[in-house]
Each structure stands twice: as C-alpha cells, then as structure tokens.
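Q: Structure provided below as structure tokens; questions to follow.
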Amino acid sequence: MRAFLIWLAAALALAAPARAFETTATSAWVYDVATGTVLMEKNADVPLPPASMSKLMTLTMLFEALHDGRYTMESTFPVSVEAWRMGGSKMFVEPADRPTVEELIHGIIVNSGNDACVVVAEGMAGTEAAFARQMTARAAELGMTHTNLTNSSGWPDPEHRMSMHDLGVLAAYMIREFPELYEKFAMTEYTYKGRVPSNANNRNPLLRLGTGEWTADGLKTGHTQEAGYGLVGSAIQDGRRVIFVISGLDSDRARAEESERIVNWAFRDFAMNRLVPAGETVLEAPVWLGTETRVGLTTRNGVNVLVPIAVRDQVRVEVVYDGPIPAPIAEGAEIARLVVTVPGRPDTVTPLLAASAVPEAGFVGRLRGAVMQLGQRAISAVTG
C-alpha cells in the first residue's frame with residue numbers, strides 16, 4: 001500500500017502547479033464526464049431563466065422520439081401562423097413550409113430558431129403548452145429537480161426556470177445517449193432554403209476558440225436581458241470530456257472569454273490518474289480457513305481518479321475489508337473496497353473483487369488455519 005501511494009504522488013508531481021479559479025459568471029457548473037467529478041459549482045442549483053439554453057430540452061424530446069422510432073429525419077411538420085410569427089432568433093420558416101425533422105434540428109442548434117422550436121412543440125404535442133408540460137415531466141424523470149418549463153424556446157417567462165446543474169445533467173444525457181445526433185452540435189453554419197444568409201452562423205463561441213490542445217463540439221448559447229449571456233459547452237482533449245454551464249455574463253465577448261478560460265482551467269489544472277488498470281491485482285488479502293492463505297483483489301473496470309494538482313500530495317488511497325476474509329470465496333465476489341480520498345471532494349469508492357475462487361479448506365486445513373490464527377493473535381497481544 002505504501003508503494004501505491006508513493007507512485008500516485010510521483011505521477012502527480014510531474015504536473016504544473018494549479019491556480020485558484022473564480023468565475024465571473026453569476027452561476028456555473030463544471031463537470032468531468034469520465035470520472036463523474038464536479039470540478040466547480042457556483043449557484044448551480046438556483047433556478048434561473050435559461051434563455052435559449054432550454055432549447056436543449058426541446059431537442060432532447062425530439063431526439064428521444066427519433067430513437068424510439070416515432071419519427072425519422074425525413075418526417076415533416078407543419079408550420080403554424082403562431083410559429084411563423086415568433087420573434088427573436090429564427091430559422092425563418094413560413095406557413096407554406098413543411099420542414100423535415102433534420103432541418104428543424106439544424107435550425108434549432110445553429111440558428112437558435114424560436115420558430116423551429118414552436119414547430120416541433122406543436123408537431124409533437126399539439127400545443128406548445130402541452131409540450132412544455134411534457135418537457136417538465138421528462139426533466140424530472142432525468143433527475144432535473146430545479147426545472148420548470150413553460151415554452152419550447154426559452155422565451156422570457158417568470159415561471160420558465162432551470163438550474164445550471166440541471167442543464168449540465170441534460171447535456172451529459174444527450175452526449176451519452178445520442179452520440180450520432182450530438183455530432184450536429186459542432187455544425188458552424190446552416191440556412192434553411194438559403195433564406196437570410198446573415199443568420200447562418202452558429203452563435204456558440206466555443207466552436208471558434210481553443211488552444212489547439214482541445215476541441216469544442218457543443219452545445220447551446222442563451223441570452224436575454226434578464227438572463228444575461230450563457231452557454232452550455234463541451235470540449236474534449238485526449239479522450240477526456242468536460243461539460244460546463246455558465247450564465248449571467250454581461251456581453252457576448254465576456255461569455256466567449258470566460259468559456260475559453262474555464263475549459264483551459266479544467267484541462268490544465270486537473271490530472272487524470274489511472275490508479276489501477278482493469279484486471280490488475282491491487283494487493284492480496286489474507287483468507288480464513290481456505291485452500292489458499294491469500295486472495296488477490298482486483299477491479300472490474302480499473303480505477304481512474306481526477307485530482308486537483310494543488311492537492312496532489314494530500315491524496316490518500318486505502319483498501320478496506322474485514323479480514324481475514326472467510327472461505328469459501330467465489331471468483332468475482334465483492335470482498336473489499338478501494339477508497340480514494342481527495343481533500344475537499346467526496347470519496348471515490350470502488351468495489352474490489354476476488355481475482356480467483358478460494359474453496360473452503362478440509363478439516364485438517366481448517367484446523368491448521370485456526371491454530372495459526374490463534375498463534376498470531378497471541379503474538380499480537382504480547383507485542384501490542
């Protein structure tokens with residue numbers, strides 16, 4: 001165990017010193033996907049006006065319908081006069097149009113079309129109000145406990161609210177469950193039927209930023225006077241994905257700068273460490289009254305931990321079990337725990353499994369084991 005701790009400290013020591021980080025956003029949530037680690041949160045559970053960031057829920061409802069086979073990308077929806085009259089950012093559909101599901105997805109992601117959202121809402125639920133109720137119910141099922149939606153587009157409404165944490169949970173769900181559809185969030189340009197070319201550019205500033213070390217591929221901006229400038233963003237570097245949500249910035253430029261700053265910090269100031277590769281024995285634990293005196297402890301999928309570089313020398317790794325472990329032991333049985341403690345963060349607990357089966361010993365073996373155990377206890381009592 002001591003050698004394991006020394007290895008961990010040595011690996012972390014190779015990284016550069018960390019910097020303290022404070023965001024200028026009024027609310028924020030930053031998340032490492034692979035380890036499930038929340039890197040930072042600020043007012044993350046406060047229900048706030050999400051503006052167009054709530055369009056992600058509209059897209060989620062449509063993505064789920066595609067996944068379930070209720071629609072295809074070629075399915076078409078009618079455009080009502082109400083949808084056509086929507087103000088704000090638009091895809092520029094008209095009542096005579098029959099846009100396909102794929103066109104509507106592009107219009108929502110790239111153009112942030114309020115009109116496209118209403119088309120989807122009315123096409124799926126009959127009315128936008130009914131669709132909003134369905135979205136709120138589905139959000140609750142996904143664990144989004146601070147979400148109440150009254151429309152499909154994020155149009156200002158005092159009852160239309162989401163927390164930054166809920167938006168992050170939603171983004172993680174979309175990335176995990178719909179990888180092929182998620183690729184569309186990286187689109188930088190789209191115009192419906194060539195209308196209004198000046199409206200073609202994706203508003204997500206993260207898609208145009210980056211140090212070359214990481215690549216951004218989503219997701220959705222939002223802006224109203226009440227909400228300020230916000231972004232649900234995601235970037236990936238060497239297979240490691242970070243999701244973040246920010247809100248309350250005072251300009252488009254401030255949103256872009258803060259987005260890039262958060263992503264750089266998340267990748268540079270945290271070290272991903274593979275503590276235990278999958279299938280590798282962590283250590284051997286003593287066995288009580290078995291055909292073998294020890295059994296290897298291993299993990300099912302390995303153990304990766306994300307460590308703030310600032311506290312790299314304070315990480316503690318422990319193997320916890322009640323021992324000696326009594327035989328019989330089945331191969332793959334959960335018989336111990338690997339506990340990783342990082343200051344200021346919840347412990348990471350991973351089950352440890354028996355690397356091999358250990359049958360119960362015969363009578364002579366059990367007798368010999370009992371005598372040895374009693375002898376060890378006697379020695380411990382004398383020396384203790």
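Cβ coordinates are placed from backbone N, Cα and C, and glycine is handled just like the others.
Automated prediction, rather than curation, is the source of TrEMBL annotations.
Since the structure is predicted, the reported quantities are computational estimates derived from the model, not experimental observations.
Feature list, courtesy of TrEMBL:
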type	residues	note
SIGNAL	1-20	signal peptide
ACT_SITE	Ser52	active site, acyl-ester intermediate
ACT_SITE	Lys55	active site, proton acceptor
ACT_SITE	Ser112	active site
BINDING	Lys220	substrate binding site
DOMAIN	270-360	domain 'Peptidase S11 D-Ala-D-Ala carboxypeptidase A C-terminal'
Q: For Lys220 (substrate binding site), what is the tally of other C-beta atoms lying within 10 angstroms of its C-beta?
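A: Taking all protein chains shown, Lys220 (substrate binding site) has 29 Cβ neighbours within 10 Å.
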Q: Under 8 Å Cβ to Cβ from the residue listed as 'active site, acyl-ester intermediate', same chain, six or more residues apart: give me those in sequence order, or none if nothing qualifies.
A: Ser89, Ser112, Asn114, Ser153, Gly154, Lys220, Thr221, Gly222, His223
Q: Determine the Cβ neighbour count for the residue listed as 'active site, proton acceptor': the number of other Cβ atoms within 10 Å of its Cβ.
A: 27
Q: Treating G and I as helix alongside H, and B as strand alongside E, what does DSSP give for the domain 'Peptidase S11 D-Ala-D-Ala carboxypeptidase A C-terminal' (270-360) in helix, strand and coil?
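A: Grouping H, G, I as helix and E, B as strand yields 6 helix, 52 strand, 33 coil.
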Q: According to DSSP, does Ser52 (active site, acyl-ester intermediate) sit in a helix, a strand, or coil?
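A: Its secondary structure by DSSP: helix.
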Q: What is the number of other Cβ atoms found within 10 Å of the Cβ of Ser112 (active site)?
A: 27
